[in-house]
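According to Swiss-Prot, the repeat 'ANK 1' annotation covers 1-30. Annotation source Swiss-Prot lists repeat 'ANK 2' at 34-63. Under the heading repeat 'ANK 3', Swiss-Prot lists 67-96. Taken from Swiss-Prot, the feature repeat 'ANK 4' applies to 98-119. The repeat 'ANK 5' annotation in Swiss-Prot covers 123-152. The repeat 'ANK 6' annotation in Swiss-Prot covers 156-185. According to Swiss-Prot, the feature repeat 'ANK 7' maps to 189-218. Positions annotated as repeat 'ANK 8' by Swiss-Prot: 222-252. If you look up Swiss-Prot, you'll see 253-283 marked as repeat 'ANK 9'. Sequence annotations record features per position, and here Swiss-Prot assigns repeat 'ANK 10' to 287-317.
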Amino acid sequence: MSVDWRTEIYSGDISLVEKLIKNKGNCINISVEETTTPLIDAIRTGNAKIVELFIKHGAQVNHVNTKIPNPLLTAIKIGSHDIVKLLLINGVDTSILPVPCINKEMIKTILDSGVKVNTKNAKSKTFLHYAIKNNDLEVIKMLFEYGADVNIKDDNGCYPIHIATRSNSYEIIKLLLEKGAYANVKDNYGNSPLHNAAKYGDYACIKLVLDHTNNISNKCNNGVTPLHNAILYNRSAVELLINNRSINDTDVDGYTPLHYALQPPCSIDIIDILLYNNADISIKDNNGRNPIDTAFKYINRDSVIKELLANAVLINEVGKLKDTTILEHKEIKDNTVFSNFVYECNEEIKKMKKTKCVGDYSMFDVYMIRYKHKYDGNKDSIKDYLRCLDDNSTRMLKTIDINEFPIYSMYLVRCLYEYGNILKEMGSCIHNRYKK
């Protein structure tokens, strides 16, 4: 095909194009420098009549040459609905569909022309996958009207819900779940929607997914749980994802969530939350390091190490410290600040045991009973205790407020908040006293 022919195609003169086809019809499927064909040039003009003319005279709508643009994709890119319909009617190869970044009107044209809404491309992606990636709620709603399947996975094992949770789009996640999206599915890397939400989502999105999943402690292929992800990427969601059955789960390197929290950037608030919820400071990673070893290696901040030591002393007093040699750590014994702090912890616990707060119950019992309720399943004792606590809550709070127990005051206050929630379920008024 000569350059003159291309020039005349782009002129838009139908009669001139007809004359050229009549005189040079045997060249209608010949490419120019293997980069284009008469049909591709005709499509690029945006003139459906010229395109129809070429097809009528034998132009191949599925011209096979990887260097030449795909006719259907070319028509979609220039946004010509008429040419797209014309190509589809004439049997153009639709295996490229769907493609990213198609607007709502073009998708409607394609679907109305007979392409199935759940058509998969070479990567097994559907129109729904791309609409979610584009964060286009209106297109998503339209696709459901055409019967889009919410649970088709692509070659990476990603379901639509995986893409939505990576995009942190609450309304889209909500719609997918309402349409029956599976909340516990995993992609090829073992990531669940909750893994993605914990990594990329805000509190509302994580809570939404959490309300629809029955496995908060799912591990991906490298052993990471949603809680691990939250500690690394999304610390505001840590408390939401804490599950006492999985708080000590390890990844393939033997790291627990507490190990993660102790690596830079280190947040003492996150460490405090994990420890209060029974993160085990005795667990060693694959290199033989427990959390205190990790703290000395990566952080070496007195406040962090003291937080770990306070927990170790308290859990040891409860009788649940699995490795008591932690308190004999060389870095602790050789450091006057830390060894003195361990002594102060023990002294404060003695004082807690002597200080009565409700009948014969001591301040130490405030934590001890909570521990038994939380981890030993002793629910009867806590109910009796809380009924007594309800009448003595003001005095008890005052005792804690005056900071009589500087090391363990936050443990005690948190216990009271937790008790308040339990009492709320029992119909008590204590919840109102502690909710602030």
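For all residues, glycine too, the Cβ spot is worked out from N, Cα and C.
Owing to the predicted nature of the structure, the values given are computational and were not obtained by experimental measurement.
Long-range Cβ contacts of the repeat 'ANK 3' (67-96) within its own chain (Cβ-Cβ under 8 Å, at least 6 residues beyond either end) map to 31, 34-37, 39-40, 43-44, 46, 48, 51-52, 55, 61, 102-103, 105-106, 109-110, 113-115, 119, 121-122. Sorting the repeat 'ANK 4' (98-119) by DSSP state (H, G, I as helix; E, B as strand; all else coil) yields 9 helix, 0 strand, 13 coil. Under DSSP, the residues of the repeat 'ANK 9' (253-283) split into helix, strand and coil as follows: 14 helix, 0 strand, 17 coil. Outside the repeat 'ANK 9' (253-283), and at least 6 residues removed from its termini, the chain residues within Cβ reach (under 8 Å) are 223, 225, 227-228, 231-232, 235, 238-239, 242, 244, 247, 289-292, 294-295, 298-299, 301, 303-304, 307-308, 311-312, 315, 321-323, 326, 374-375, 410-411, 414. Same-chain residues lying 6 or more positions outside the repeat 'ANK 7' (189-218) and placing a CB less than 8 Å from one of its CB atoms are 156-157, 159, 161-162, 164-170, 173-174, 177, 181, 183, 224-227, 229-230, 232-234, 236-237, 240-241, 243, 245-246, 249. Mean model confidence of the repeat 'ANK 8' (222-252) amounts to 90 (pLDDT, 0 to 100 scale).
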